[in-house]
Amino acid sequence: MGSLWGGLDDVQADAGYDADHPPRMGFFTDTSVCIGCKACEVACKEWNDVPDDGYLLTGMSYDNTQELGASTWRHVAFVEKPAVDLGMPTVGPPRDADQSAASGDAGIRWLMSSDVCKHCTHAGCLDVCPTGALFRTEFGTVVVQPDVCNGCGYCVSACPYGVIDLRKDDGRAFKCTLCYDRLKDGQTPACAQACPTESIQFGELDELRERADRRLAELHERGVDVARLYGRDPEDGVGGDGAFFLLLDEPEVYGLPPDPVVPTRTLGSVWKHVGYAAAAVAGLGVAAFSGRRR
Amino acid sequence: MARGEAPMVPDVEFESYYGRQIIKTPTWKTPDVPLYLFLGGLAGCSAVLAEGAALSGRPELERVTRLAAAGGAAAGTVALVHDLGRPERFLNMLRVLKPTSPLSVGSFILAPFSALSGAAAASHVTGLLPRLGRLAGVGAGVLGPPLATYTAALLGNTVVPAWHEAHRELPFVFGGSGAQAAGGLAMMLVPLDQAGPARRMALAGAAVEIAAAESIVLRRGLVAEPYQVGTPGRLMRIARNGTAAASAATLLLGRRSRLASAVAGATYVAASVTTRFGIFEAGLASARDPKYTVVPQRERLARQDGSAKMSR
Ligand code: SF4
Ligand code: SF4
């Protein structure tokens with residue numbers, strides 16, 4: 001079954017692969033250089049033959065894609081925030097607005113970020129999938145097998161990031177495969193290939209983590225104190241993400257959970273309490289028949 | 001918000017992406033899944049009553065509870081299969097057994113329970129193969145309590161805040177609610193002189209259910225709010241009042257009046273159904289509002305920060 005939470009040096013071995021499996025591959029998405037061109041969204045749709053999910057104008061922002069889902073495997077978020085601190089009460093440490101990547105336009109600060117499935121070390125979706133449709137690949141990524149999925153929807157409620165979803169007309173679950181087919185051919189995933197600014201970087205996870213640490217130090221040196229890595233820490237609630245990010249604001253500003261935890265982390269407590277309750281029900285049954293005759 | 005409803009927790013400030021939800025709303029359908037939660041509890045606890053009835057020689061009680069166990073399991077299976085995006089692939093549930101997936105474990109409880117309770121009921125009704133029928137009934141009786149409570153693991157082992165944070169209490173809510181439903185149904189359909197165990201099971205189940213549901217509200221802070229406000233809050237209150245009224249009627253008149261027993265039993269069953277819909281809807285409400293995802297996680301981070309500073 002493998003381990004349920006905490007740091008994990010070799011996810012593939014934990015999932016039962018032999019020692020000669022390929023290294024764990026992933027994405028490092030450096031949002032500080034993202035220009036919001038959506039080349040990644042388009043490349044992903046094209047390569048993976050993902051159907052359209054409606055041509056809607058949200059009216060809320062330039063973001064008409066809205067969210068990740070069964071037919072959106074890359075999603076570019078557009079955050080518009082006043083560049084000046086309005087003194088609004090917020091949760092978390094106070095921030096210095098001047099330090100961010102301010103565009104200077106009309107006092108608006110633009111943040112863009114290409115979101116994607118995190119390919120978690122401890123993936124809630126994979127843990128709860130009752131059919132085995134979701135599996136860990138030899139590259140350490142998490143992929144759905146459409147020919148096995150029966151559309152139970154359990155994965156949808158077990159993803160702490162709100163990534164995977166059922167496709168309505170099809171009934172089955174879909175999400176980013178980290179271009180499993182391209183990886184097997186030694187190629188770069190379509191989104192990373194298409195990204196003109198190298199905001200999306202693909203590679204061996206260990207190497208990406210070092211690269212991200214260097215980039216963070218560089219930004220901090222330049223005074224961009226708001227830069228922080230998200231999903232980089234192998235000791236976080238999902239054991240670290242296979243696809244992690246450099247952000248310029250709090251995660252929730254981008255629609256990301258600030259402290260995601262895989263639900264299976266409390267699996268022991270869940271089954272223990274079910275066990276107690278089942279024993280209590282059996283006890284009720286015995287008690288109901290003891291004593292008085294009618 | 002309807003009259004008389006005040007949020008138990010003052011409004012909190014938090015940031016979000018245009019107010020959009022972070023986790024996905026569960027794709028499980030109403031009424032399929034809440035009905036399944038109810039039917040599993042009814043069937044599981046009825047199987048327990050059936051074995052007791054057989055052992056203590058209460059043929060009327062045995063007949064009703066055997067049929068309730070078999071019928072509840074069959075109807076529950078239909079609801080569960082109907083909820084799937086690809087119902088024709090239901091059998092894929094039995095491809096693997098995964099302890100990390102309560103739905104997988106549950107399928108391996110539901111499938112044998114359905115077969116055993118069905119066989120026991122068939123044998124009881126037709127009089128064929130009585131020994132094997134009893135043996136099947138014992139098997140169903142053993143699987144009954146897990147069937148009635150595992151559904152709480154199904155909800156608890158998700159990232160849906162109102163369900164996950166209540167994972168310690170939900171098994172008792174579901175087990176108690178199942179006992180109340182099984183006892184209630186038997187109170188409706190079984191003559192008074194054989195319904196004693198059903199009454200006692202319903203009363204005790206109702207007490208467990210109310211205590212566990214109240215403890216969610218008392219102990220789980222912000223994420224318990226969806227159980228108190230809006231539609232789910234209303235459902236939870238209706239269920240609690242119905243359960244309490246049924247218990248009062250059972251205590252006062254349950255042993256004397258056939259009519260009172262039947263009405264109280266029906267109220268128990270209806271309250272049990274309502275509880276499942278309330279809990280289900282509370283989960284959906286907690287998924288739709290980013291507040292329930294962001295604020296508790298922020299508080300958790302602040303606590304970790306605080307303790308890290310303390311230990312420095
Ligand atoms: S982000 Fe969600 S869908 Fe992706 S691997 Fe993690 S749990 Fe699964
Ligand atoms: S919907 Fe498909 S992939 Fe998701 S948990 Fe169910 S069977 Fe697995």
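Heads up, the Cβ atoms here are built off N, Cα and C, so glycines get one too.
TrEMBL annotations: computationally assigned, not manually curated.
For A:C34, A:C37, A:C40, A:C195, the entry in TrEMBL reads [4Fe-4S] cluster 1 binding site. Feature annotation from TrEMBL assigns [4Fe-4S] cluster 2 binding site to A:C44, A:C176, A:C179, A:C191. Annotated [4Fe-4S] cluster 3 binding site per TrEMBL: A:C117, A:C120, A:C125, A:C159, in sequence order. Per TrEMBL, the feature [4Fe-4S] cluster 4 binding site maps to A:C129, A:C149, A:C152, A:C155. Feature annotation from TrEMBL assigns domain '4Fe-4S ferredoxin-type' to A:25-53, A:108-139, A:140-169.
Take the CB of A:C44 ([4Fe-4S] cluster 2 binding site) and look out to 10 A: across all protein chains shown you find 24 other CB atoms. Among the binding-site residues listed (A:C117, A:C120, A:C149, A:C159, A:C179), A:C117, A:C120, A:C159 have a CB atom closer than 6 Å to some atom of ligand 1, in sequence order.
Checking the binding-site residues A:C117, A:C129, A:C159 against chain B with a Cβ-Cβ cut-off of under 8 Å leaves A:C129, A:C159. Among the binding-site residues listed (A:C149, A:C176, A:C191), A:C176 has its Cα nearest to the Cα of A:C120 ([4Fe-4S] cluster 3 binding site). Counted with DSSP, the domain '4Fe-4S ferredoxin-type' (A:108-139) comes out as 5 helix, 12 strand, 15 coil.
Of all the binding-site residues listed here (A:C129, A:C155, A:C176), A:C176 has the Cα closest to the Cα of A:C195 ([4Fe-4S] cluster 1 binding site). Each residue of the domain '4Fe-4S ferredoxin-type' (A:140-169) gets a DSSP state, and the totals for helix, strand and coil are 3 helix, 5 strand, 22 coil. Mean pLDDT, taken over the domain '4Fe-4S ferredoxin-type' (A:25-53), works out to 96 on the 0 to 100 scale. Cα of A:C37 ([4Fe-4S] cluster 1 binding site) to Cα of A:C191 ([4Fe-4S] cluster 2 binding site): a distance of 12 Å. Closest to A:C179 ([4Fe-4S] cluster 2 binding site) in space, going by CA atoms and restricting to the binding-site residues A:C40, A:C129, A:C149, A:C152, A:C155, is A:C40. A Cβ within 8 Å of the Cβ centre of A:C129, A:C149, A:C152, A:C155, the residues given for [4Fe-4S] cluster 4, is found for these other residues of the same chain: A:C125, A:V128, A:P130, A:T131, A:A133, A:L134, A:V144, A:N150, A:G151, A:G153, A:Y154, A:A173. In the domain '4Fe-4S ferredoxin-type' (A:25-53), helix, strand and coil residues by DSSP number 13 helix, 6 strand, 10 coil.
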